[in-house]
Each structure stands twice: as structure tokens, then as C-alpha cells.
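Presented below is the structure to which this report refers.
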Amino acid sequence: MEYSIAVIPGDGIGPEIIREAKKVLDKVGKVCGHSFRYTELLMGGASIDVHGVPLTEETLAAAKKCDAVLLGAVGGNVGVSNWYSLPPELRPEAGLLKIRKGLELFANLRPALLFDDLRKACPLKEEIIGEGFDLMVVRELTGGLYFGERKTVIENGLRKAYDMLTYDEEEIRRITQVGFETARKRRKKLCSVDKANVIDSSRLWRQVVKEVAKDYPDVELSDMLVDNCAMQLVKDPGQFDVILTENMFGDILSDEASMITGSIGMLPSASLGKTKLGLYEPSHGSAPDIAGQNKANPMATILSAAMMLRYSFDLEAEALKVEDAVRSVLSKGYRTVDITSPGSTLVGTDEMGDLIAEEIR
Ligand code: NAI
Ligand code: MG
């Protein structure tokens, strides 16, 4: 079969990690008899430098025509040094929000898995890791604070800024269904995380989750307040199977979970909507501090490509091949700088990509 993939390297370490993911995909194609056709598109800083905006309508339309989108990272802008002062709609990250919304990708799956060979890279004590760590964060992606009305005004001579956090029940229902369906295929435990003791949108969240739960009697549901969840993740991470939560809480909690897997460079993600067209990207950002130095860990991006094979192309066996290849390279002791430990062999971004591609047979 032939699959068309919109490839958006982005900026910062984006182009470096995307190169390695394509290497691995090409090997999967060769070994399994598929052909992956890539359409390279600009976003983030790379697009600002050429078009003055982080994502053009033409780029969005081109992405919509493909079977899936593979994205590197955006954030570190090459052309504009002081981009924090740019208006939000012109910042590199605005491209990310626009493509998520434009493709209606409301469900963000972020699996945080501690590979056995990386237990030493995990900052938690052995007895806290226990039998291991295997969590799926299901994060709502097109609502909440990141998409609410916002403005900055002067009131009584003071600068004042607003960000609105809104959810309607349909937005909550559809992500909750994804949460339950995901838990059903795993250990059948769903923890819904909110701040229902303080904010209204969370109270509605909790009500809707309880309503949807009636359709999933086989899944054990619990609720947790987000501040407690942040504590529980480092105190007893093994208690979680699937965490279901809104946009910003999911952003923060998944970064916290990534540390338990050893590095943010290990955390892939899939952003899904109602159709098979999904967007796949590492959970980390553009890492401007290490960009262009062949230091970035490409595993999160390669594992995201595996999720693309699984969710957009229904190529489960091929996805497993990629995940096994990552596991195998780790077991042989190869590490990028973010996950290195005594006795391991330090490799660069490109060599890590070569090693993983080689393992696919
Ligand atoms: P970041 O994730 O880019 O970096 C945080 C730390 O992790 C840095 O020390 C970085 O070197 C390290 N790191 C990240 N990815 C790595 C990898 N693959 N291998 C090894 N080390 C890695 O987050 P930061 O620094 O807060 O943000 C940088 C820019 O990225 C900002 O402009 C931010 O808005 C943007 N960003 C973009 C995202 C995206 O494209 N989806 C997500 C998060 C942030
Ligand atoms: Mg984040």
C-alpha cells in the first residue's frame, strides 16, 4: 500500500529528529512492502521566516489532503530572536494550535512507558517504580484555556490579561469516550483529573464523565484533583493506567510523567479526531538549547511514527516492529545524552536513527 504523509520538520531540533523518523519509516516500508510518500511542509519558525506567519492556509490545506501528519517541533524561531514579545497569533506555537484545530484533532494520546533498560535513567527510587511504569495520558486538545477568548486591557491604569477556560458538554463527552475506549484496551482503569473543587468547567467535566461511564461498566473510574495527581505521579506512579484530563492539565501532567520514563525525549504522542487523519509528534518542544548539535533523542519522534502506523494506517504489526527496535537498541546500551548512564554507549541523533532502522527486519 502507498500512504501519503505530510512531514512538518518545524524548527529547532525538529528537522534533526524528523530525518531519523523518516529513516525508520523507509526501512519499515522496505521490509514490509509499503511505500510512504512524503510532502514536506513549513510550520513554526521555519514558516515565519518564509511567509511571516507560523502556518499558512495553503499548508493546512495540503496537510488535510494527506493520510497523516508527522511533526517535529516548533518554538525556537530562527528569524525572530525575541519571539515572546510577538503577539500570540504570530508565535511559532500558534501554528501548532491552528493545525490541531484545523484538523479537528481533539484527542491527544501521550503514552508514558518506562522501558526496562531505562530504569536507571528514571529519577524515582527503585521501590517507587516497583514493577514498572506504563501510563496513557488522554488529553483534550482543542478546548480549554489554549483556545478560549483572550485579551489584554488597561483597567484602572493597570495592565490586565484574560484567558477564558470553557468546555461544553459535547467537547467533554467525546474525549471521555476516547478515554474509556483507551482504558478498555489496557488495564481498564480510568482516572479523570480535574479541579472540580474550585472551577465550574471542572464540575461539568466530572458530571459528564460520570454520565459517559454508564456505557463502560467494565472500566473502573476514579476522580482526582489535579494538584493531588501531580503528587501521586511521583509518590505512587504505578496506581495509574489511563489519565483523562483537559488541555492544560494534560500538557503539564504528561511532561511530569515523561520524567519518570527517563527523558522528555522518550515521549511520543498521537493527536486524533473523528477520521483516520491523525497528527503525530514528540511531546517535547524545539529544544533550542541543543538544536543543531546532533544531541537530540529521536526516540520520541520515532515512537510517534509507530503510533501513526498503528492509528492512521492500521499497521499494528509494523508499529510493534518499530517499538521493538527501540527496545532492542536500548537493551544494547546505546543512549543519547539525555538518557545516558554509566556503562552505556553515547550516540548522536543520526547514529541512534541508524541503529533503530537497522533493527527493523
Ligand atoms: P523543550 O521540550 O523544547 O525542552 C525542555 C528541555 O528538554 C530542554 O533542556 C531540552 O534540551 C530537552 N529536550 C527536549 N527534547 C529533547 C530531545 N528530543 N532530546 C533530548 N533533550 C530534549 O521545552 P522548552 O524548552 O520549554 O520549550 C522550547 C520551545 O518549544 C518553546 O518555544 C515552546 O513553546 C516550544 N514547545 C513546542 C512544543 C511542540 O512543538 N509540540 C511542545 C512544547 C514546547
Ligand atoms: Mg508541553
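Placed from the backbone N, Cα and C atoms, the Cβ positions cover glycine too.
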Substrate site partner of R100, R139, D227 according to TrEMBL, chosen from R91, R110, is R110
Nearest by Cα to N297 (NAD(+) binding site), of the recorded positions R100, R110, R139, Y146, K195, is R110
Spacing of the two Cα atoms, A287 (NAD(+) binding site) and R139 (substrate binding site), in whole angstrom, works out to 22
Of R100, G285, A291, the binding-site residues whose C-beta sits under 6 angstroms from any atom of ligand 1 are G285
Close to ligand 2, in the sense of Cβ under 6 Å, among Y146, A291, Q293, K295, N297 as recorded positions, are none
Under a three-state DSSP reduction, the secondary structure at G285 (NAD(+) binding site) is coil
